[in-house]
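Asks: Submitted below is the structure of interest, expressed as structure tokens.
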Amino acid sequence: PSSVLVTRLKTGHLGRLLYCVLPLKFPPAPSLPGVWSAQGLEMSTGKVPFLEALNGSTVILPCTYASCIGIKNLYFNWQYNDNGTMQKVCESVIPLDGMDPHPVSIFRERVDFIGTGDHNNISILLWNITFEDEGQYTCFGRNPKEKGKNHSAIFTLVVVDELRVVDNTLTIIIASAVGGAIALLMTFMLVKNFILFVLFKIEEKKKIECLVQSSSADETNNVSGSKTSKPTTPKKK
């Protein structure tokens, strides 16, 4: 895309090539659920950035970050979208790669920070959730190495009274039909192969009998020919 620049960096004593996507000075891309921006810093709330959870349960709001240029004093926070008003849930600063943030400021009840610097994890835990906790949560990050570039990812939490029971009737019917068709096909192939085997054996038996009969006929003809071709000795007068 026109808003990024792909470069190759050599890392490690083996000189491995790392493909790094660096930002250019273009307007930022529009927001996408789950992932924001494909630049130096990436924030991600997973492949499935939403969760349906039972009222009163405990849930994890996942978020990880990655940067091909490294981090220094990475600032991050979680925010809750309360009808258009962003309320800060927690915030902290990560000094360097692999280090844990300390301290983590929590601004909302029933929230714990469970992230670790070893895995670039800045996830939070919400326990004993209520319907008031339902909505969109934004995981935000800013790396000073990128001169103030902002990155974020959105995670949506849906709170329900009871989890919906998925009707698998149609799936079961389709699976049964496919399974039955496969079983029928396999049975047909087995019967076909058996019939071909029996026909082959019968044909082979006929060939053997034909060869035996032919051999017997040749021997009989040879014997008869020997008897008829035997010269007669003349009688002495």
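Even glycines carry a Cβ here, placed using N, Cα and C.
According to TrEMBL, the feature compositional bias 'Polar residues' maps to 214-225. The compositional bias 'Low complexity' annotation in TrEMBL covers 226-237. TrEMBL lists 33-156 with the feature domain 'Ig-like'. TrEMBL lists 214-237 with the feature region 'Disordered'. The transmembrane segment annotation in TrEMBL covers 172-199.
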Asks: Over the domain 'Ig-like' (33-156), what does the predicted model average in pLDDT?
Replies: 93
Asks: What counts of helix, strand and coil residues does DSSP assign across the domain 'Ig-like' (33-156)?
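Replies: Reading the DSSP string over the domain 'Ig-like' (33-156) gives 9 helix, 66 strand, 49 coil.
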